[in-house]
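Okay, structure first, notes after.
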């Protein structure tokens, strides 16, 4: 088998990172070797994101650069994958004729066959979405070295979304919701844990709706995301379990109970609210209210008092008034999030919000975002200061010069000084003595 080299550049979310890992393993299994040198690679694959216009612009700019690389290295194949590929399809090759292959989000498992075809047939676009798509079984390689030095992994449990929020392209770029079987997921995680992985994060566009659209059990009995969590938590050797992301409308009492029942489930919940105004939420198509959201926050904290709640915020949605933005600021003050990801609204082609005419001025959006982020930083610092004087279990990520960098179960980063014989991937206790906006400082507790 002829050996070829490949280079993957990943844009966007954790789903894309996991997809890139899957693509890399498939390529490795078919004789490819990964390289860090993009210019000399036989294959350059851009795994793209279209959640905001800026991400698309970065991809097109990189494709322009690759035109020059391909002139120097005519053997190079260029592949565009991910959400930009799904959204733009043949338009990519019309604008960038040096692109050999455009594959949508349901075609990553066929990457090798499509590359072979493009070498003989010329440019190929594979982006048709199938409503009856089934995610193929995927078990990671386990020769013993694949995960050397790694201790944290993402595992995709479902793909697509059926919510059709008016600002979001995901249902159009990832297709309808489809869930992997519990058996496949547990088998993948078991293999990863046996190879040394300590922490697993389950991924889906809306994990709360896992198993709502297709059967995930061998005997076709109904199942829920909570059922999956309980089975994954039982995998021997798994130390920490997380998941992302969730839609509040599907958050069940049983899922909240899992934070009481499952020791490995980290006390962290990313619960996107997007806006603090019922009018804006309705325009966004979010299907919950401010009141129902706040009730969920209360219940989560009752079930798990130490839980750290984070969120997503969009400012400047079409028609958002000053008064409605103030309601979002009130939401921030009420919940006092440990952290948030906040963005200015960005028009996305094909979405309902894109057709709205009452757009908010860019300068107003910028001012609102700056104000929200400044207050979030203040609250984040105040939240972090609550940990001063406590002793926390930390999973070591880095170790250098008498200091460790690690992460708590709440996902807070901790820098702790002191001597230890432990290495990255091990756990230790750290006494927190100081707090910043985005991390904590402390000292290693001697055993």
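Quick reminder: no glycine exception, Cβ is built from N, Cα and C everywhere.
Summarising the annotation, Swiss-Prot assigns domain 'MTTase N-terminal' to 4-120.
Per Swiss-Prot, [4Fe-4S] cluster 1 binding site is recorded for 13, 49, 83. Classification of residue 49 ([4Fe-4S] cluster 1 binding site) by DSSP places it in coil, neither helical nor stranded. Of all Cβ atoms in the protein chains displayed, 21 besides its own lie within 10 Å of the Cβ of residue 49 ([4Fe-4S] cluster 1 binding site).
According to Swiss-Prot, the feature domain 'Radical SAM core' maps to 147-382, an assignment based on sequence analysis.
In sequence order, 168, 170, 171, 174, 176, 177, 205, 206 are the residues near residue 161 ([4Fe-4S] cluster 2 binding site), counting only same-chain partners six or more apart with C-beta under 8 A. The [4Fe-4S] cluster 2 binding site feature in Swiss-Prot is assigned to 161, 165, 168; the stated evidence is sequence analysis.
Marked as domain 'TRAM' by Swiss-Prot on the basis of sequence analysis: 385-446. Residues of the domain 'TRAM' (385-446) grouped by DSSP class, helix first, strand second and coil last, total 1 helix, 34 strand, 27 coil.
Distance noted between the C-alpha atoms of residue 83 ([4Fe-4S] cluster 1 binding site) and residue 165 ([4Fe-4S] cluster 2 binding site) is 17 Å. Note on the domain 'MTTase N-terminal' (4-120): its mean pLDDT in the predicted model is 93.
The local packing around residue 13 ([4Fe-4S] cluster 1 binding site), expressed as other Cβ atoms within 10 Å of its Cβ over all shown chains, amounts to 19. Within 10 Å of the C-beta of residue 168 ([4Fe-4S] cluster 2 binding site) there are 21 other C-beta atoms, taking all protein chains into account. Residues 11, 12, 15, 16, 48, 50, 51, 55, 82, 173 surround the recorded [4Fe-4S] cluster 1 site, their Cβ atoms falling within 8 Å of the Cβ centroid of 13, 49, 83, which are themselves excluded. When secondary structure is read from DSSP and collapsed to three states, residue 161 ([4Fe-4S] cluster 2 binding site) falls in the coil class.
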